[in-house]
Every structure is written in structure tokens, then in C-alpha cells.
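Right, one structure below, let's go through it.
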């Protein structure tokens, strides 16, 4: 296979220099600001009287590990569906998320756990950083195949800041509830990526169209991503909730929502497909919409039926989006959305936010008992009525959309900086631009393995 | 590649209509009957004085997640070994299990946790539903490639009911012990599937034989399934046991049993293989028999040696079954067992039931101490002797075989209903019947990536 | 594809006979020596007054499961990168590790938990056995493709003994701290394998060179291994540490170290690559060096900055090793290191040991408070100064290198025993020697699926 031509020095060096620069900067900031928290510091933990069993680690680490698997295995492999972009999909996921974890530790830390001049880290900050990385990867899905790794690092630099500020405004300033991130993660990540993709619109993308589809094996690899996202989504939504019933109920609601989005995805995919055939794109993506749609409400008293209904709706909307809206998005709105993040994260995220508004508005002391304190502390304290909390939830969605759209647009301008590794229109969706790629087939073993040698051992 | 001919409307619509119908029905039943239990309900949990650490979630959720991974990743990918049926293997696993989780929640709920007019759900019901889904997927393995998704949904509808009733008869009425389901899951699932496959016998299946084998990459995908099943099997068997030593001992016994079945599988595969070569079918399947065979007894005082011996035996029997019995099963008994579930689940399940009888019969107050209450409550209370408990275990196996054989046969008749999506003899083991399938190879990139464009950035 | 010639009976039988012999021997030893410990025995656990929540199972089992996934999924798939050796990579990993788990239970048990004439097993012994299996698999990486499975079993038999004795000398006799095994696992496993590979040096290996590289899909399979190793490494290092802050801090340090090694790996890979392209070998391996390098020090008060710095350094050294040192290792030192374990485990392991010396030497009562007792019990008791503990750490590294080099060399001689299944120079890196291998491509479906049959259902 012919090699692409040699690149300019700037393009070749953009990635390594950004990696070194960013790593140097975060390391420096870590040295100055980041410290163990009470649960990870040897002296602080042993000061006072705790049982080891009380350490937050035992309540959250198993969920954290599931989230971690979703970010790296789930998102990474989900995007491997492209036939010639597998190395980049899983590799850049790896790179972007690794940087985002460090950078989010800092930015979120300054906003959430900064006291005494230091950021304090433990398993909760790990979970929060992974959540932020998840949002970055959602945006990555929108521009997959059309951006170089240095561009993506720059995107992550900018997006982590906006994500963290938006999250801070919602959760800390507005008192919005959004444990599993229907708004802060999915809506934000999707619309940030879509606006960014709009700014980077390529009118000549058909030059790379022949590589934009999947092949049989790449679809199976992508299913690894899908299934790991699907099975661990209950842990994702429940990882940061209140302990006890909160974490338990969140996982349970998410589980049921996902089963329903899977059934509606299969139903709709067969209904809209040619001759009733199922489409792998739908199964790989829309079946997950049930996790997105209960991101806000799964910690609430959604009821198992509510979870099923929400999941069913989300799967339906998502398949219809892939079938009918994605083409319009490109032709009418000039948004090229490689992975269809609008269908998997955008619309289900919006639905999830509205569902959160609804379920919040219906909250009563009867339904939550003393548990109201954990789920809606401001209502429990009498500072807000359920209805006003619901309005805050709605306002949180509005804020998120503003941050995402303005931030994504500015991000798109940033990625047009000339020294970056922007692939040309005919180089999109192609690993060879960024990677040493081996041949596709194993070398033919023309001759039989030689028998005369079977006894000539070393 | 030539497309299969257009299907009749009934066949095209069978899948989406069943999905919508089943989802609608379960959602309705959820609305009427399913409620949070004490551990997932905000008001109930906060009523009274618990530490959050006491919530069942923290004792069972990590094991649940492993079970969940086994059901969707393990079973799904294990069946990807077929060269042209990977989408269906992993996709229909996804569909069937999603439906089974909802439906099992209802049927098991009516039988186990129904009080005050409601079914109460929490992590234990999630585990039980996943177990039921596991049995459905075992049966799926017997008919893999020879049934359409609508047929499979109908199978699941019927099998979930029988599974749950059989489980209820054994565990609740007969007081049988079967934590990891040697009887209730493996024996039941395997023989249900085999009898069903018998009824659906195809004398002309050789028309599809050329697609019934694996290719190099499909075998590697299948190993993903094998390895995830193998590593998480200790969690499977221990997920529903008594807490403390019970869960701990069960995991440990299963771990050792699996190492032994792996060693005996490699030994036997090389011994019966051509020129001493190993057969991937054996490694992918028989190595797992050690998990099946201790399903009943691993919560008991089996001893680590007992676990090794049981695993060794199971691996041996399983490989010999693949080599010598599967061909006979088809030629003499007209049972076409695509995945060899008789060898992985059927015979090792029977062995596991017998092992359970033996270990139960040997139970003493000396060996179990006060732990007897957890493992054999009826013996501890003096209501049964060890020997009579052993006889109940044996009777439980008999009941299971009756349910499985009668149920599977009736299930086979059900699947012959004319409006279903039954593939013809020459369409078996072929994804194209059910899926939009992309080409196998990535499109050739004939021209070099064009260099003259490297600076024409958007 | 032509079949290799028929093998001699000795070669064909070496594998099954060794499997049966080894399994028989360990089963016998299990029967005589291995018993449940206080946490897994029904009578012992229920004797006295514990809460079930105190059972070690709940503190360590989730971490154990992650370690178990790393050993079987991580190591297994990481080595699938070879184009024609995927079955062997994942299959022999499966076999070797299964045997090693049993055998390590015995050898480690005799050294660590032998009292009253019995070895006592529970989740900690499972973790320790998995750690030992990890070291065996590291050594396997050095000789991957150049050894038969019977040879490898013999290697495991010998290496498990040496590993366990070395571990006992370090941890129990010298009081060295090495929770995540920078020395006992990585340095030992790597140098054992490298010395063994030296003894088995093949001057004619170029006869198999055409199969020594990867293909596109095999690199994606290998990334499954990489990512699972990467995400679960925090659990690996923290699995055996002191509970509470110790386990929590270890996981956190490892997490940050890995993000830094990933960034430095991408930076360096692009810098040393042709035209700035990334090399999959680096990403698959060097990005993991951050887990190795903090194996000793991550339980200590390394600080988050220290973790980043260590990971950055390890990734850098590892990439440079792949690029510049591996060729020299073969040409000058006659060491053929298939997977580059010297770069992933050898050098980062050494660095990790030195880092442990440094961080130990800096330990103060102020920094650790009462937690000093958990991390450095001998310093806390006043039996050693921080400096003398540091010297013991250094001496531990020396001991490890002696065990590994002498043991690996002797192991190489052992593997030259004539009755073994040593592949010839032209048979290396080829599955067909050991496995029944199906064709690479699915059989062509020449004819369209026949339409006239669509209604001839069974």
C-alpha cells in the first residue's frame, strides 16, 4: 500500500511537543497543588478512629473500576467500527483520556476540593476525572477520523476546563442533581463535539467516504465496546451518588432502562431497515441510549417502570435519529457526526434532562422519606420546593447548552490553528496518516514448514 | 456478495412486533407490580437505623457485575466462533438476555418476592434474572445459527417461565441447594435446548455446513468469551450464596476447579487430536466445565482437593463428549447441537448434580460447625438428615430433567409456528439473513493518499 | 495451506503427559496439605463473633478479580499481536497460568501459610498465586513463539519454585516492601525469561521472521490486552497492601503513574518514529510501564506528583528500549526477546526498585503518622531506620537479580531436554505446529442463498 507523503516538521512535531508540554505542565501543577486526601494519606487516615471498612475506597472503588473500563475499553472499542481507523480510535482514546484524567484532576480539584491551598484527591476525584474524560471522548466521536491527535489534545485542554466549569455551575452553584451526567456529560459532550464539528465542516469529505464504513471484523470489535459500556453503565450512573439506597437504586434503574432501550433498538432497527434487516450501527449505539437517558433521574425514585419507559423512548429516538436525522444534520446543518453522538448522547441526553425535570417536580416527602436529604438536600431543608428544584434542573440544561455550543464553536476555531496535524479531506478515517500500519493479511506461508528440520533442535 | 431474496412481510415483521409486544407487556406488568425493595427504596431504607455499609449492594454488586459480564460478554463472544454468524451471536445474545432480564424479574418475582401485591427488586433479583438469562443463552447455544430472532424471543418467553418454576420447585419447595446452578441453570438450559433442537431437527443441514466452522479470527473473538467466562465464574457461583465464609469458599472452590478442568482439557485435547494438536473447540468450551461441575457443591465443604478432582473430571468428560459423543448425538439421536452445550453444560451439569448429592450426603456438624445453618438450614434445624437432604438433591435433578425435556420439546413445537422467521436449511449460520452485513475486507485504497492536498486545510 | 510433517510420538505426548502428571501431583499434594483458612471454612468462620462484613473477601475480592482479568485477559491478549500465533498466545497463557495457580498455591503455601501441617487458603492466597502466574507469563513473553507448551509447563514448574523462594526471602526474611512486585514480579519475571531466552538462543531465527510481525487485526486484539492491563493495574498494585488508606493510596498512585507513562509513550513514539508516526508496539507495551515502575513505591507516600514523574520516566525508558536496545540485545547479547519484556518489565522493574529505595529512604514519622506501622512496620517498631530499610530494599533487588539470572539460565538448560516439543527455527511463531488451525478466510459464499427454499421450513 502506498505511503502518504512526508509531512512538514511542524505537523510531525505537534503531537510529541504537545504531549511533553502538557505533561510537564500538569506535573508541575501536581507538585504544587495536589495532595492525598483524608482517605488516602497515611497520617491523616490513621489520625482518629476509623475502621478500615469505612474508607471510601470500599464503597466506590468497584464502581470506579467499571467506569474506568467504560472509558478506556468501552469508548475505545466502540469507535473501532471504522475499517481503517482502529488504531487511532482505540489509541487516541487512550491518549486523550490519559491527559484528560490529569488535567481534570487539576481543574475539577480547583473548583471542588481546593482548601488550604491544595487539591485533595481520592477515589471520588478519580471517578470525577473519568467522567470528564467520558465527555471528551463523546466529543471525539463527533470528529472521529477528521482530526489529528495534536488537535485532539488541544480540544481536550479546552474542553476539560469548560466541562469542569459547567459542572461546577450546575452542581455547586445551581444545586442541580445530575449524578450520571445526562446534562453535564452527555449533553455537554455531544453538543460541544457537534458545534466543534460544524466549525471544522469539510465540504469535500466524500474524498474519504470509501473508508467511512465498517467491515465485518471491525463491527465485531466495536461490539466489545458496546457490550462493556452496556454492562457497566449501572456502575457509571451510580458511582458518585449517595451511599446505600442511592447507589443501589441508581444501578437498578439503569439496568432496567438499558434492557428497554435494547429491545426498542432491535424493534426499530428492523422496522426502518431494508427488508427488515438489523443495522449494526443501531445495535452498537442506540441500545446504549437507555444508560444516557436516566443519567439524571436514576438516583431518584424513578420507579422500575419509569426506567423501562425512559429506556424504551431513548432507544427509539436514537434509532430514528441514526436513520433520518444524521443525514439531515450533514446536508442541512453542515455537521458531520462520525459516530452519531447526536443520536446516542445528544438527544438521549436532552431527554434525560427533561426526565430529570419531571421526576424532580414529582418528588414528595412521602416517596423519599428521610432519603430526601440524600437526593434533594435543598428540598429536604425546605430551601426549595420540588417545583423550584425542577426549574433549576431545567435552567441547568440551558446553561449546559450554552457552554457546549459556545465552547465547542470556539474549540473548533482553536483546532484550526495552522501548526496542527489536520488531515486533508482525502486522508480522513485513515490510520496510516498517524501510525506505522502493518499489512492487513498475514504473510503467505508459501512453502510447507520444512520437515527435514524437525529434529535439528538448538 | 449476492443478497438473499426479499422476505415475506410476516417474516420481516415478526421480530419488531414481538419486541414491541413483549416490551409493552413487561412494562405494563412492571407498572402494576414491581417496586423497590427495602434496600433500594429511599423511604424504606432510611426508615430505621442502618449503616450504609449494611446495604446488600456492597456485598453483592461486585459479584453481580461479574455475572453480568459473563452473560453479555462471555456468552455473547463465546458463540462468535462461527465464521459468518458473529453479528447474530453477539447481537441475539444481547436481545435475548435483555428481554429475559425483564421477564425473569416478573416471573421470578411472582414466585420469590411477591408480597403485599408487589414484587420487590434489588441486587439479588438482578442476579437471579441474570442467572435465568444464562440458562436461556445455554439453550440458544444448542440452536445457534438455525433459528431467527423472533423464534428465539418466543423461546425465551417460554423458557423463562419454566426455568423459574423449576427453580422455585427445587429451591423453595424441595429445599434443594444449588447456588451456582449445576441443575437449575446448566442442566436445565442444556437439556431444554437439546430437546428443542431435536424437535427442530434438520435433515438437510449439510446445505449450510460450509459456514458451520470457524476461521482464525472468529476463534480469537470466541476466546474473549471463554476467558471472561472463566475468570468470572467464581463470582457466578458465589453471587447468591450466604454471605461471609459461604461466598468466600464458593469463589475459592470454583477457582481451583477451573484450573483443573483447563489442565485436563489441554491434556485430553492433545491426546485425542490429530498428531497431538490442540483443538480450539475444546479449549474454548471444555476448559469451562470446571465452573459448571461445582455449581451445586462449591458452597459446601467440598475441600480444595475435591474442587480439583471435580474440575479435572469435568474437563475430561467434556472433551471426550466433543470428540466422540457430539457426532453420535446428531447421527443417532437427531440432535444438532451447534455449540456442543451437551458437553459444556449438559454432562458437566449432571456430574455437578451428582457431586452435590455426594457432598451433601457427607455433610456433618463437625465439618460445618455453626455454618451448617447457612449451607444446609434444614439439616441444621434437624428437619432432615444429611442423607435425606442428599436424596432431595437427587430428586431435584430428576425434576429438572423432566421440566427441561418436556419444556424443550413443547418449546420446539412453539417455534414451528408458521409466522416466525425460521431460516431455511441453506440459510443457516449466516448473518446476512438477519443483518445488513458490510463487506469482509476494507475497500482497497488503490491510489496513494494524495500529497498535493496536505496543506489545503479547511 | 500445507501441513507440517507428522511429529515423533515423544513430541506429541509430551504435553498431555506433563499435564496429567502435573495435575495428578498437585491434586495429591492438595489432598494432603491444602485446607480452608479461617475465612473460608464454615466451622472456623462461625466460631467466634464476626460480622460477615469483616470477611477478608469483601476487602480483597474485587481487586482479586481485576488481577485475575489482567493475568488471563491482559497478558493473554497482549501477546496476540503475532500474526500467526494468536491461538498459542492466548491458549498457552491459559494453560500456563492455570497450572501456575495450583502449583504456586502449594509452594507459596508451604513458605507463607503452613502451620499445623497444612496450607490454609483464602482470597489472599488466590491473589498471591495470580501474582506468581503473572511473573511466569512475563517470562513467557521473552520466549513467545519459540517454545512448545510442554517446555513452557516445565518452565513454570521450575519458575514458580524460584519465584516463591525469592519472594519469601525478600518479603519474609529481609522485610522488604514490594506490594505490587516491581522486584518480585516484574524484575524477576523479565530477567528469568531473558536469561532463559539467552540459553535458548537461535542463530537461525530469521527462518521464521516473516511471521514475527503483526497484522492489522492482531494489533487490535493485542490492544484488548493492553487496555485491560492498563485499567486494572491500580487493582494489581493495591490488591495485597494494608487495608484502608494503604489500598486506596496505592490504587491512586498507580492510576496517575499510568496516565503519565501513556503520555510519554505517545510523545516518544512519535519522536523516534519514521516521519512522526506512532508505533503500535510502543503503545501496546510502553504505556503500561507506569504500572510496573510504581510496583514497590505506590503503597508509600509517593505523592501524586511522584507518581506522574515515575510514570513519565518509565514510559520514556521503555520506548527508547524498544527502539534502540532490543536490537542490541539480540545482536550483541544474543537475547531474543519476542515481546520486549526487557522494556516493559525489566528496565521499568529496575527503576521501580530504585524508586522504592528512594521513597523508603525518605520515609518519616511525620509523613506517615500512625500509618507507618502498616507500610514500614520495622521502622515503626524502631528496629530499622528509614535508611537501613532502604538498604534492605536495594539488597532485595540484588537477591532478585541473582535468583532470576541463575534460575533463568538453569531453566534454559532444563528446556533443552530432548523429549520436549521444541519447535525448529523455521516453525517459530506458528500456531499450526500446536493447533488445528482453520482457514483464515470464511469460505466464499459463491452462490446466492437460494430463494426457492424460503418457505420449505422444517
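The backbone N, Cα and C atoms fix where each Cβ goes, and this holds for glycine too.
The feature signal peptide is assigned by TrEMBL to A:1-27.
In the predicted model, the domain 'Ammonium transporter AmtB-like' (A:26-417) shows an average pLDDT of 96. Here TrEMBL flags A:26-417 as domain 'Ammonium transporter AmtB-like'.
The transmembrane segment feature in TrEMBL is assigned to A:67-87 (among others).
Beyond its flanks by at least six residues, the transmembrane segment (A:94-114) meets 19, 22-23, 26, 29-30, 33-34, 37, 71-72, 75-76, 120-121, 125-126, 128-130, 132-133, 136-137, 140, 149, 152-153, 156-157, 160-161, 163-165, 167-168, 172 of its own chain at Cβ-Cβ distances under 8 Å. Feature annotation from TrEMBL assigns transmembrane segment to A:94-114 (among others).
Among the features that TrEMBL reports, transmembrane segment is placed at A:126-145 (among others). Same-chain neighbours of the transmembrane segment (A:126-145): 60, 63-64, 67-68, 70-71, 75, 78-79, 82, 85, 88-89, 92-93, 96-97, 100-102, 104-105, 108, 112, 152, 155-156, 159-160, 163-164, 167, 181, 184-186, 188-190, 192-194, 196-197, 200, 208, 211-212, 236, 239-240, 335, 337-342, 344-345, 408, 428-430, counting only residues six or more beyond its ends whose CB sits under 8 Å from a CB of the stretch.
The feature transmembrane segment is assigned by TrEMBL to A:152-174 (among others). For the transmembrane segment (A:152-174), the residues of the chain that approach it from at least six positions outside its boundaries are 15, 18-19, 22, 92, 95-96, 99-100, 103-104, 107-108, 111-112, 132, 135-136, 139-140, 143, 183-184, 188-189, 192, 196, 392, 395-396, 399-400, 403-404, 407, 410-411, 414-415, 417, 420, judged by C-beta separation under 8 angstroms.
Sequence annotations record features per position, and here TrEMBL assigns transmembrane segment to A:180-201 (among others).
Per TrEMBL, transmembrane segment is recorded for A:213-233 (among others).
Annotation source TrEMBL lists transmembrane segment at A:253-272 (among others). Among residues of the same chain six or more beyond the transmembrane segment (A:253-272), those with a C-beta under 8 A of the stretch's C-beta atoms are 180, 230, 233-234, 236-238, 278-279, 282-283, 286-291, 293-294, 297-299, 302, 304, 306-316, 318-320, 323.
Taken from TrEMBL, the feature transmembrane segment covers A:305-325 (among others).
Per TrEMBL, transmembrane segment is recorded for A:345-364 (among others).
The transmembrane segment annotation in TrEMBL covers A:394-415 (among others).
Tertiary neighbourhood of the transmembrane segment (A:67-87): same-chain residues 93-94, 97, 126-127, 130-131, 133-134, 137-138, 140-141, 144-145, 211-215, 218-219, 221-222, 224-226, 228-229, 232-233, 235-236, 239, 280-281, 284-285, 338-339, 429-432, 434-435, 437, selected by CB-CB distance under 8 Å and a gap of 6+ residues from either end. Outside the transmembrane segment (A:305-325), and at least 6 residues removed from its termini, the chain residues within Cβ reach (under 8 Å) are 252-265, 268-269, 272, 279, 281-282, 285-287, 289-290, 292-294, 297-298, 340, 342-344, 347-348, 351-352, 355, 359.
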